[in-house]
Amino acid sequence: MACSHLAAAAAAASPAAARSPAASSAATASAFARLSATPRVASGGLAVRGQRGVAAVVAAAAGAAAATPVADIEERRATEKQPIIVIDNYDSFTYNLCQYMGELGLNFEVYRNDELTIEDVKRKNPRGILISPGPGEPQDSGISLQTVLELGPTIPIFGVCMGLQCIGEAFGGKIIRAPSGVMHGKSSPVRYDEELGKALFNGLPNPFTAARYHSLVIEQETFPHDALEATAWTEDGLIMAARHKKYRHIQGVQFHPESIITPEGKRIILNFVRFIEELEKQRAGEKN
(Lines of atoms letter the chains of each structure in order from A and count residues from 1; the text may use other names and numbers.)
(Lines give C-alpha, C1' and ligand atoms only; values in the text may rest on other atoms or scores of the structure.)
Protein backbone atom coordinates (compact mmCIF):
# COMPACT_ATOMS: atom_id res chain seq x y z
CA MET A 1 0.00 0.00 0.00
CA ALA A 2 1.21 3.48 -0.78
CA CYS A 3 -0.29 4.91 2.41
CA SER A 4 -0.77 2.52 5.30
CA HIS A 5 -3.52 3.70 7.63
CA LEU A 6 -7.19 3.39 8.52
CA ALA A 7 -9.85 6.02 9.07
CA ALA A 8 -9.42 5.66 12.82
CA ALA A 9 -5.74 6.39 12.51
CA ALA A 10 -6.56 9.47 10.48
CA ALA A 11 -8.80 10.73 13.25
CA ALA A 12 -6.11 10.16 15.85
CA ALA A 13 -3.31 11.71 13.84
CA SER A 14 -5.08 14.68 12.30
CA PRO A 15 -6.00 18.02 13.82
CA ALA A 16 -8.83 18.21 11.29
CA ALA A 17 -10.54 15.08 12.57
CA ALA A 18 -9.82 15.93 16.20
CA ARG A 19 -11.69 19.22 16.28
CA SER A 20 -14.20 18.91 13.43
CA PRO A 21 -17.92 18.67 14.20
CA ALA A 22 -17.94 15.88 11.63
CA ALA A 23 -16.28 13.72 14.30
CA SER A 24 -19.75 13.23 15.74
CA SER A 25 -21.13 10.17 13.99
CA ALA A 26 -24.72 11.28 14.60
CA ALA A 27 -24.13 14.71 13.09
CA THR A 28 -22.30 13.23 10.13
CA ALA A 29 -25.04 10.67 9.51
CA SER A 30 -27.64 13.42 9.61
CA ALA A 31 -25.71 15.54 7.12
CA PHE A 32 -25.24 12.58 4.82
CA ALA A 33 -28.97 11.80 4.96
CA ARG A 34 -29.94 15.37 4.05
CA LEU A 35 -27.54 15.44 1.11
CA SER A 36 -27.76 11.85 -0.05
CA ALA A 37 -29.52 12.84 -3.26
CA THR A 38 -27.07 15.63 -4.05
CA PRO A 39 -24.01 14.63 -6.10
CA ARG A 40 -22.21 17.91 -5.48
CA VAL A 41 -21.99 20.09 -2.40
CA ALA A 42 -20.71 23.65 -2.59
CA SER A 43 -20.08 26.01 0.30
CA GLY A 44 -17.96 29.06 1.00
CA GLY A 45 -15.91 29.01 -2.19
CA LEU A 46 -15.12 25.30 -2.13
CA ALA A 47 -16.77 22.45 -3.96
CA VAL A 48 -16.59 18.76 -3.18
CA ARG A 49 -18.03 15.57 -4.60
CA GLY A 50 -20.06 12.86 -2.90
CA GLN A 51 -20.95 12.06 0.69
CA ARG A 52 -17.38 12.17 1.94
CA GLY A 53 -17.28 15.78 0.86
CA VAL A 54 -19.83 16.80 3.50
CA ALA A 55 -17.27 16.26 6.24
CA ALA A 56 -14.80 18.43 4.34
CA VAL A 57 -17.26 21.32 4.13
CA VAL A 58 -17.99 21.10 7.85
CA ALA A 59 -14.32 20.78 8.78
CA ALA A 60 -13.14 23.61 6.53
CA ALA A 61 -15.83 25.92 7.86
CA ALA A 62 -14.88 25.11 11.45
CA GLY A 63 -11.10 25.40 11.05
CA ALA A 64 -8.92 28.23 12.30
CA ALA A 65 -6.85 30.35 9.91
CA ALA A 66 -3.81 30.83 12.13
CA ALA A 67 -1.25 29.82 9.50
CA THR A 68 -1.57 32.95 7.38
CA PRO A 69 -2.71 36.58 7.83
CA VAL A 70 -6.46 37.20 7.65
CA ALA A 71 -5.93 39.77 4.88
CA ASP A 72 -4.28 37.13 2.69
CA ILE A 73 -7.15 34.71 3.28
CA GLU A 74 -9.82 37.28 2.47
CA GLU A 75 -7.98 38.38 -0.67
CA ARG A 76 -7.84 34.79 -1.92
CA ARG A 77 -11.53 34.27 -1.25
CA ALA A 78 -12.41 37.49 -3.07
CA THR A 79 -10.16 37.15 -6.11
CA GLU A 80 -9.72 33.47 -6.92
CA LYS A 81 -11.70 32.29 -9.91
CA GLN A 82 -9.88 29.12 -10.96
CA PRO A 83 -9.97 26.20 -8.53
CA ILE A 84 -7.24 23.95 -7.27
CA ILE A 85 -8.34 20.45 -8.28
CA VAL A 86 -7.82 17.76 -5.65
CA ILE A 87 -7.58 14.23 -7.05
CA ASP A 88 -8.75 11.96 -4.25
CA ASN A 89 -7.14 8.53 -4.42
CA TYR A 90 -9.81 7.08 -2.12
CA ASP A 91 -7.96 8.08 1.04
CA SER A 92 -9.25 9.11 4.45
CA PHE A 93 -6.61 11.82 4.77
CA THR A 94 -7.66 13.69 1.62
CA TYR A 95 -10.13 15.93 3.38
CA ASN A 96 -7.66 16.86 6.08
CA LEU A 97 -5.57 18.35 3.27
CA CYS A 98 -8.74 20.07 2.08
CA GLN A 99 -9.32 21.53 5.52
CA TYR A 100 -5.93 23.20 5.39
CA MET A 101 -6.76 24.66 1.98
CA GLY A 102 -10.09 25.89 3.29
CA GLU A 103 -8.34 27.55 6.22
CA LEU A 104 -6.04 29.29 3.75
CA GLY A 105 -9.00 30.73 1.83
CA LEU A 106 -8.54 28.62 -1.29
CA ASN A 107 -11.14 27.75 -3.90
CA PHE A 108 -10.83 24.02 -4.54
CA GLU A 109 -12.79 21.10 -5.96
CA VAL A 110 -12.38 17.46 -4.97
CA TYR A 111 -12.91 14.53 -7.33
CA ARG A 112 -12.13 10.85 -6.93
CA ASN A 113 -9.50 9.54 -9.31
CA ASP A 114 -12.06 7.84 -11.56
CA GLU A 115 -14.66 10.63 -11.68
CA LEU A 116 -12.91 12.80 -14.26
CA THR A 117 -10.94 12.40 -17.46
CA ILE A 118 -7.88 14.45 -18.27
CA GLU A 119 -10.02 16.44 -20.70
CA ASP A 120 -12.47 17.19 -17.89
CA VAL A 121 -9.63 18.54 -15.77
CA LYS A 122 -8.34 20.67 -18.65
CA ARG A 123 -11.78 22.23 -19.14
CA LYS A 124 -11.81 23.29 -15.50
CA ASN A 125 -8.62 25.28 -16.15
CA PRO A 126 -7.23 24.71 -12.64
CA ARG A 127 -4.53 26.93 -11.18
CA GLY A 128 -3.05 23.88 -9.47
CA ILE A 129 -3.60 20.18 -8.81
CA LEU A 130 -3.12 18.26 -5.57
CA ILE A 131 -2.75 14.48 -5.90
CA SER A 132 -3.75 12.88 -2.62
CA PRO A 133 -2.45 9.88 -0.69
CA GLY A 134 -4.09 6.54 -1.37
CA PRO A 135 -3.85 2.75 -1.10
CA GLY A 136 -2.11 0.53 -3.62
CA GLU A 137 0.47 1.57 -6.20
CA PRO A 138 0.61 4.44 -8.73
CA GLN A 139 -0.93 2.20 -11.39
CA ASP A 140 -3.99 1.93 -9.13
CA SER A 141 -4.47 5.69 -8.91
CA GLY A 142 -6.92 6.38 -11.74
CA ILE A 143 -5.95 9.49 -13.69
CA SER A 144 -3.18 10.51 -11.27
CA LEU A 145 -0.24 9.23 -13.35
CA GLN A 146 -1.69 10.61 -16.56
CA THR A 147 -2.29 13.95 -14.83
CA VAL A 148 1.39 14.25 -13.94
CA LEU A 149 2.53 13.41 -17.47
CA GLU A 150 0.01 15.42 -19.49
CA LEU A 151 -0.77 18.39 -17.27
CA GLY A 152 2.41 18.68 -15.21
CA PRO A 153 4.35 20.69 -17.81
CA THR A 154 1.85 23.57 -17.56
CA ILE A 155 -0.06 23.22 -14.27
CA PRO A 156 1.50 23.23 -10.78
CA ILE A 157 1.18 19.81 -9.15
CA PHE A 158 1.66 18.87 -5.51
CA GLY A 159 1.71 15.15 -4.74
CA VAL A 160 1.33 13.72 -1.23
CA CYS A 161 2.49 10.16 -0.45
CA MET A 162 0.93 8.26 -3.37
CA GLY A 163 1.10 11.60 -5.20
CA LEU A 164 4.90 11.69 -4.93
CA GLN A 165 5.12 8.06 -6.02
CA CYS A 166 3.05 8.95 -9.11
CA ILE A 167 5.55 11.71 -9.91
CA GLY A 168 8.45 9.31 -9.46
CA GLU A 169 6.94 6.58 -11.64
CA ALA A 170 5.73 9.00 -14.31
CA PHE A 171 9.29 10.11 -14.99
CA GLY A 172 10.93 6.68 -14.92
CA GLY A 173 11.48 5.82 -11.27
CA LYS A 174 10.66 2.45 -9.73
CA ILE A 175 8.34 2.20 -6.74
CA ILE A 176 9.44 -0.47 -4.24
CA ARG A 177 8.68 -1.71 -0.75
CA ALA A 178 10.30 0.51 1.84
CA PRO A 179 13.40 -1.22 3.27
CA SER A 180 12.27 -0.31 6.78
CA GLY A 181 8.83 -1.87 6.29
CA VAL A 182 5.40 -0.38 6.82
CA MET A 183 5.33 3.07 8.39
CA HIS A 184 2.09 3.53 10.32
CA GLY A 185 1.90 6.88 12.07
CA LYS A 186 5.67 7.01 12.56
CA SER A 187 7.32 10.32 13.42
CA SER A 188 10.61 10.84 11.59
CA PRO A 189 13.08 13.71 11.29
CA VAL A 190 13.32 14.88 7.68
CA ARG A 191 16.24 16.91 6.38
CA TYR A 192 15.92 19.01 3.23
CA ASP A 193 18.25 20.72 0.78
CA GLU A 194 17.85 24.39 1.66
CA GLU A 195 18.30 25.51 -1.95
CA LEU A 196 16.38 22.83 -3.85
CA GLY A 197 13.70 22.51 -1.19
CA LYS A 198 13.09 26.16 -0.41
CA ALA A 199 9.81 26.39 -2.37
CA LEU A 200 8.06 23.86 -0.11
CA PHE A 201 10.09 24.06 3.08
CA ASN A 202 10.77 27.78 3.44
CA GLY A 203 10.54 28.75 7.11
CA LEU A 204 10.76 25.20 8.44
CA PRO A 205 13.44 23.97 10.84
CA ASN A 206 16.01 21.68 9.26
CA PRO A 207 15.42 18.88 10.05
CA PHE A 208 11.70 19.01 10.75
CA THR A 209 9.40 16.30 12.09
CA ALA A 210 7.08 14.50 9.65
CA ALA A 211 4.34 11.86 9.87
CA ARG A 212 4.82 8.75 7.76
CA TYR A 213 2.05 6.39 6.68
CA HIS A 214 3.45 4.34 3.81
CA SER A 215 4.97 1.05 2.77
CA LEU A 216 6.31 2.11 -0.65
CA VAL A 217 9.04 4.55 -1.69
CA ILE A 218 10.80 5.70 -4.83
CA GLU A 219 13.81 3.41 -5.24
CA GLN A 220 17.08 5.29 -4.84
CA GLU A 221 18.93 3.20 -7.44
CA THR A 222 16.40 3.93 -10.19
CA PHE A 223 15.60 7.49 -9.17
CA PRO A 224 15.25 9.41 -12.49
CA HIS A 225 17.99 12.00 -11.94
CA ASP A 226 17.67 13.21 -15.52
CA ALA A 227 14.14 14.47 -14.82
CA LEU A 228 13.77 14.84 -11.05
CA GLU A 229 15.83 15.98 -8.10
CA ALA A 230 15.33 14.79 -4.54
CA THR A 231 14.88 17.63 -2.07
CA ALA A 232 14.37 15.89 1.31
CA TRP A 233 15.38 12.63 3.00
CA THR A 234 15.01 10.60 6.18
CA GLU A 235 18.05 9.93 8.35
CA ASP A 236 18.54 6.60 6.56
CA GLY A 237 18.42 8.21 3.13
CA LEU A 238 14.88 7.44 1.94
CA ILE A 239 13.51 10.07 -0.44
CA MET A 240 10.88 12.18 1.30
CA ALA A 241 10.42 14.93 -1.31
CA ALA A 242 11.28 15.65 -4.93
CA ARG A 243 10.63 18.14 -7.70
CA HIS A 244 10.97 18.18 -11.48
CA LYS A 245 14.20 19.74 -12.75
CA LYS A 246 12.63 21.59 -15.69
CA TYR A 247 9.05 21.99 -14.46
CA ARG A 248 9.79 23.01 -10.90
CA HIS A 249 6.11 23.45 -10.19
CA ILE A 250 5.83 19.63 -10.11
CA GLN A 251 6.63 18.77 -6.50
CA GLY A 252 5.72 16.10 -3.99
CA VAL A 253 6.32 14.74 -0.50
CA GLN A 254 6.27 11.16 0.79
CA PHE A 255 5.14 12.10 4.30
CA HIS A 256 1.79 13.51 5.43
CA PRO A 257 1.77 17.29 5.98
CA GLU A 258 -1.91 17.13 7.02
CA SER A 259 -1.19 15.02 10.12
CA ILE A 260 -0.79 16.52 13.57
CA ILE A 261 2.46 14.53 13.73
CA THR A 262 3.82 17.01 11.15
CA PRO A 263 3.74 20.24 13.19
CA GLU A 264 4.81 22.38 10.21
CA GLY A 265 2.41 20.72 7.79
CA LYS A 266 0.13 23.67 7.17
CA ARG A 267 3.16 25.82 6.43
CA ILE A 268 4.14 23.36 3.67
CA ILE A 269 0.68 23.67 2.08
CA LEU A 270 0.90 27.46 2.39
CA ASN A 271 4.32 27.44 0.73
CA PHE A 272 2.92 25.51 -2.23
CA VAL A 273 0.05 28.00 -2.52
CA ARG A 274 2.49 30.91 -2.46
CA PHE A 275 4.57 29.14 -5.09
CA ILE A 276 1.47 29.01 -7.33
CA GLU A 277 0.79 32.69 -6.68
CA GLU A 278 4.35 33.69 -7.57
CA LEU A 279 4.23 31.57 -10.73
CA GLU A 280 0.98 33.27 -11.75
CA LYS A 281 2.55 36.70 -11.27
CA GLN A 282 5.56 35.64 -13.32
CA ARG A 283 3.40 34.33 -16.16
CA ALA A 284 1.25 37.46 -16.11
CA GLY A 285 4.38 39.59 -16.39
CA GLU A 286 5.58 37.59 -19.37
CA LYS A 287 2.31 38.29 -21.19
CA ASN A 288 2.60 42.05 -20.68
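Just so you know, glycine gets a Cβ as well, placed from its N, Cα and C.
Site annotation (Swiss-Prot): L-glutamine is bound by Gly134, Pro135, Gly136, Ser215, Leu216, and the candidate from Gln146, Gln165 recorded at this site is Gln165.
Within 10 Å of His256 (active site), judged by CA to CA distance, lie the following recorded positions from the set Pro135, Gly136, Cys161: Cys161. DSSP classifies His256 (active site) as strand under the three-state reduction. Take the Cα of Glu258 (active site) and measure to each of the recorded positions Gly134, Pro135, Gly136, Cys161, Leu216: the nearest one is Cys161. Within 10 Å of the C-beta of Gln165 (L-glutamine binding site) we count 30 further C-beta atoms, all protein chains included.
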